[in-house]
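S.K.: Below are the features listed in TrEMBL for this protein:
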type	residues	note
DOMAIN	53-209	domain 'Glycosyltransferase RgtA/B/C/D-like'
TRANSMEM	9-26	transmembrane segment
TRANSMEM	72-92	transmembrane segment
TRANSMEM	101-119	transmembrane segment
TRANSMEM	154-181	transmembrane segment
TRANSMEM	201-224	transmembrane segment
TRANSMEM	244-268	transmembrane segment
TRANSMEM	274-293	transmembrane segment
TRANSMEM	305-322	transmembrane segment
TRANSMEM	334-352	transmembrane segment
TRANSMEM	390-412	transmembrane segment
TRANSMEM	418-441	transmembrane segment
Amino acid sequence: MILNQKEKLIFVGIIILFILIRFFGLDMPYHLDEAKYASIKPIIWNSEGVSAHPPLTSIIFGLTSKIFGPDYFRATPLIFGFINLFLIFFLVKSLFDTKAALWSAFLFSISFYSVLASLTVDTDGQILPFFLLLTFIGYFKWEKTDDRKRKLFWAIFTLAAIIAGFLTKLSFIIPVAAVFLTFLYNKRALINKSFIIKYGLYVIGILVLMFLALLNAKIIYPTFDLSKIISHAQSAIKFSDRSYLQVFIQIVKAIFYSSPLLFVPILFLRKHNFSRIIFSFLLILLGSIFYIFLFDFSRAALDKYLQFIIVPLCVISGVVIADISSERRFNNNSLIFTGIFVAVFLFFTQFLPHFIPPHYPKEEWIKRVLDLRWNFVFPFTGGSGPMGFYVSWLFIGGMWIAAVSIACAGFFQKKSAGSAMVAILFLGVVYNTVFAEEYLFGKINGSSKFLTKNAISFIKENNEIEKVITYNDIGSRDLRLMGKYQRRLYAVPKYEEEYKEILDSFKIHYFVLGIPHINSDSLYGEYFSTCAVVYEKISRKISSRIYDCKNATIPD
């Protein structure tokens, strides 16, 4: 991987940018499922396990606990993400050129979805993509080489990456299928009966090896329980009673996390590049079918599972931007100035008064969007993170409309494509910067991290607070460590009857970090209005309260 002096400096700058953006998120409090990983013992092979997934997940996070300790589990996805930065650069450079590789690496560094994936304690964001990238690097090296020994080496390398990925999570079947389909597409002119038989047997052999590795996983992880994995997979196979509204919201969140910078450039993809990055489109297509249609993740953190789209989108958009920038045609200054002006204008609209909608009913959000009442903040939170931050819907919607409009102008006026891409880049950088800033610091709409840490300190130092029920399980790990955790509370309308009994039974302290905002007219809002507020802090649009509910009354 030989680079000239200028290319080395640019790549070093991208590396520094990658680290700087993510560094300030290492101390984020663990959220919901993240606490499960952070609670494991600091030994590699433990009897508890950490999830209903193949053993490499437990081994990786067991090593994390041993090396970094329970307070720095975010170091693991960050390290994998850092390695992935080099892998994505290497993959794109081997398929295209250094310019495309640098653009893809740059997008991978600044994309908020990539930032979030690098700081989320789970396997989907950066650990699985690590094996995915190794698999495709191995496959393309195998496909290109004619030397028998090197071909054998890359075949073994690819197979090892596939098995390792499958031993991390069963959903790794997605990139495996994408490799097979990419191979078929590239060799489509050679397909005949003997070809199908020959390579069909290879595919069967690889699948057999994958499942044999899973069946014999106890060799590397003695407490591994295959029945847990089967049961977990079966629980997601259902086609009735799906929450399609929730699926839609999670997909929209994943698109928003990705930003216009990863989606809009696809409009400029040229035919001669399509066949070389067909694997990226296959990954997105197969992954979407798997997570949205085949299995029911409507009640899970679907936006976390959809993090698999980060790598293929960075590859596609990086290749497109490099292709357009190589033409050096930036003759439409008005388009560039329009993009800059709109980005600056929309940035400052965030400081206008904004409505804070309650979490439920979610139909209220949709109604405000359809009525074009966009001056409200949208809450971004999830089962494994983020803990919670707000971004203006007016800013988000305006940025997407501006990026798509400018892209259309560049698409229909071919001579303006370069100028349109410059404008889209500016819009995209501002968009991703705002998302990362709100997630890490919350200077515009409030910081959940700041509020949570302060509230936890207050609870720890207050001897009168013996037990706490926490809204959305915020701060649960710290509360457990100090012995004050009672249980969690989800302010969901359909659970109101069940929670009436819980609220009546536990007249204790409640910690409520107000994101998403609780509807004041709901059972939960009315109940907390009868409690005494013993602690309150507000960060912009997010409130943090601790209630003493020993004298509270249950609403009728």
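The backbone N, Cα and C atoms fix where each Cβ goes, and this holds for glycine too.
Predicted automatically and left uncurated, TrEMBL annotations should be read as such.
Since we're looking at a predicted model, the values are computed, not measured.
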S.K.: State the residues, same chain only, that lie 6 or more residues beyond the ends of the transmembrane segment (305-322) and have a CB under 8 A from a CB inside it; answer 'none' if no residue qualifies.
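M.R.: Contacts of the transmembrane segment (305-322) (Cβ under 8 Å, skipping residues fewer than 6 from its ends): 84, 88, 91-92, 96-97, 99-108, 111, 113-114, 116-117, 120, 124-125, 128-129, 132-133, 171, 174, 250-251, 254, 258, 261-263, 265-266, 268-270, 273, 276-277, 279-281, 283-284, 287, 291, 297, 421, 425.
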S.K.: Per-residue pLDDT averaged over the domain 'Glycosyltransferase RgtA/B/C/D-like' (53-209) comes to what?
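M.R.: Mean pLDDT, the domain 'Glycosyltransferase RgtA/B/C/D-like' (53-209): 93.
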S.K.: Cβ under 8 Å, sequence separation of at least 6 from the ends of the transmembrane segment (418-441): give me the contacting residues as numbers and ranges.
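M.R.: Answer is 21, 24-25, 110-112, 115-116, 257, 259-262, 264-265, 268, 321, 324-325, 327-333, 335-336, 338-340, 342-344, 346-347, 350, 380, 386, 389-391, 395-396, 399, 402-403, 406-407, 409-411, 447, 449.
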S.K.: So which residues does the transmembrane segment (9-26) touch in its own chain, when a touch means Cβ under 8 Å and the partner is 6 or more beyond its ends?
M.R.: 3, 72, 74-75, 78, 81-82, 85, 89, 102, 105-106, 108-110, 115, 118-119, 436, 439-441
